[in-house]
Amino acid sequence: MPPPCSLLCHLATLLCVWALCQAQLDTKLPPGTPIIQLRLAGDKHKHYEGRVEVYYNGEWGTVCDDDFSIHAANVVCRELGYVEAVSWSPSSKYGKGEGRIWLDNVHCSGLERTLAQCESNGFGVSDCKHSEDVGVVCSQRRIAGFKFISTLTNNVESLNVQVEDVRIRAISSQRKRVPMTEGYLEVKDGGKWRQICDLEWTQMNSRVICGMYGFPGEKRYNTKVYKLLSKRRKKNYWGFGVNCTGNEASLHGCKLGHKVELRGNATCEKGLPVVVNCVPGRAFAPSHAQGFSKAYRVEQPLVRLRGGANIGEGRVEVLKNGEWGTVCDDSWNLEAATVVCRELGFGSAKEALAGGKLGQGMGPVHMNEVKCSGFEKSLTECYFNRDALGCSHEEDAAVRCNVPAMGFQNRLRLSGGRNPFEGRVEVLAEKNGSLVWGTVCSDSWGTIEATVVCRQLGLGFANNAFQETWYWPGDVSADDVVMSGVRCSGTEMTLAQCLHHGKHLDCPRGGGRFAAGVSCSETAPDLVLNAQVVEHTTYLEDRPMYILQCANEEHCLSSSAAAATSSSYRRLLRFSSQIHNNGLTDFRPRAAHNSWIWHECHRHYHSMEVFTHYDLLSLNGTKVAEGHKASFCLEDTQCEEGIEKRYECANFGQQGITVGCWDTYRHDIDCQWIDVTDVVPGDYIFQVVINPNFEVAESDYTNNVMKCRCRYDGHRIWMYNCYIGERLEITATFDYWSNALNR
């Protein structure tokens, strides 16, 4: 039994915690406390960071960084509805503010309810300049509920008005609809769900609500149905209205509307409860004929997302003059990110990411210093600076969007794994008229299929695809195979959207120990070939057959070489390959170190039997010559400044490509060629494909292909117009860009 002193200490601690909780729960401020509002402003990329601004005496002003601390930052963040502060920044990191500097030498204990309670020089007493404006970064986690910005002109006594939750409650005839797009808007206040009177409700308010729920737009609804229902239902109205401008990311950014006089059944006599009707993006719109069988494809040709782990996130890329390029993160903010999200059929933006957080792109930087109002139909309609000088791909902008709740995660699960990111794949399928859990046949199961599973579960990228899962004992009742013949393209939102056998299953090995499995990862590598290096290093070499015996053994020559004499020559199209890892994780061979294959002739190990394919194609796409490269040495040849090399092939060392590094296969090594001995003169397409069998999971496979135009006259060869991924000649884009550049 602990000594009495220990018990007293524990009791004192509990009393202190209780007192702190009571202080935090008490929403009333001491008499005489100045009434202020706070907001985060300036050059920010996330809604939970920015320059601290204070509204006092009818005027917005800033806070000086003198004596500011993490305790003061905590008070600011809690007052804004966030759980806590992560950090604070001096010296106007988020830009210089304007107007008065309201507070200076702020001292907080961290327990204050408002920044106005902290000690300071007094409002307006400061010797600071705006170059000393303080900023904060708050935790992403919000205090439960939605806290509104008051206008101070609505005769609202308390500025601390918030609701616990918000929902769209569908009427009975639409409750099974997925996604749920229409219904009564209700807020949870005091533990009860309440409606909002629609007398001051605007289309802009509906736009914000729909954006929160992952929908790009809103539309009118059938008022007759809801008028009839309103007469039959007992109503319980909330005591306030809501005032949104329409470009807010969520209700957190909206102002509190006027007070509503609560008079029982007579409340909102001339109005009705608010109803919202949202328009889903094309990828989420249900089709009566096909359900959700259509794969997720961004159909808008001007903007796309790349490198994102989950639906609705990725690096922003725009199409200009037929070439995809990135957006510089200078001035990148939630308004611009929301324009991108809505343009692509999602809702408003959850986050505007900077600094290449979702991987670095290749090619040009098309846009810089983008400024949007939030109402543009396309990012190309926003004002931007055409001069991207000083912008590198380390500054590529990205977004995370709100997406509709589709319930995809309820129809798939991983079972038996050591952690939530791995396990046997089990799907919910209809069998004999009822829904049962079962396994997926592992025949033809690969990385692309695993990628779709990880995306559907919101677990990021595929790390590995497994065709045996005996070491993961799943649910015994789910051993039976319920899905077979799965073939995915990689763009699908769910495994059910992939091609599969349907009700006619065919799985010779059965489920159980041979069921399909996956492991997922929040990050992945991303290999990209430097097209310019290929274009600048291409040449022809005539090489005698007697020094190509090792290359012939490794099948690096065309089939006619088998009958060639040792004194004959082979004509080789040689070039260098510089392969960059622009992802967020190191690229490592799938095969374990001890399972690499030794090649006696060249006397080296192959960590991947096929690392790249080299092809020469006719203009209609027919293959006329081919080559391939095994990864006998994946290593960091060079790295960007500040990044250390981690992989080196010497002495049977570990192989891989570090993030921010590149591996160079020089033109003068074996098999770094295409054998064009039998090719006739003409115009061709030269193609290189990295990681062609998808052996190693990547965040983006679309940039693994490089193509060049190629002309061969029988003696010389010209390589030109090399590009990565898709190259589109869309004349419609020129009008958008010419208009944007003239702004």
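Even glycines carry a Cβ here, placed using N, Cα and C.
Because TrEMBL annotations are produced automatically, they should be read as predictions rather than curated entries.
Cross-referencing Cys244, Cys268 with TrEMBL gives Cys244 as the cysteine bonded to Cys254, criterion being a recorded disulfide. Annotated pair Cys108 (disulfide bond) and Cys64 (disulfide bond), C-alpha to C-alpha distance, rounded: 14 Å.
Between the domain 'SRCR' (168-279) and the stretches 38-139, 303-402, 412-521, the greatest number of Cβ pairs separated by less than 8 Å involves 303-402.
Between Cys254 (disulfide bond) and Cys382 (disulfide bond), the C-alpha separation comes to 23 Å.
In this structure, the C-alpha atom of Cys64 (disulfide bond) lies 33 angstrom from that of Cys382 (disulfide bond). In this view, the densest Cβ surroundings among the disulfide-bonded residues Cys77, Cys108, Cys254 belong to Cys77, judged by other Cβ atoms lying within 10 Å. Taking Cys138, Cys372, Cys488 as the disulfide-bonded residues under consideration, the smallest Cα distance to Cys128 (disulfide bond) is found for Cys138.
Cys382 (disulfide bond) sits 31 Å from Cys77 (disulfide bond), taking the CA atoms of both as reference points. Comparing the Cα of Cys118 (disulfide bond) with the Cα of every entry in Cys77, Cys138, Cys244, Cys372, Cys498, these being the disulfide-bonded residues, the smallest distance points to Cys77.
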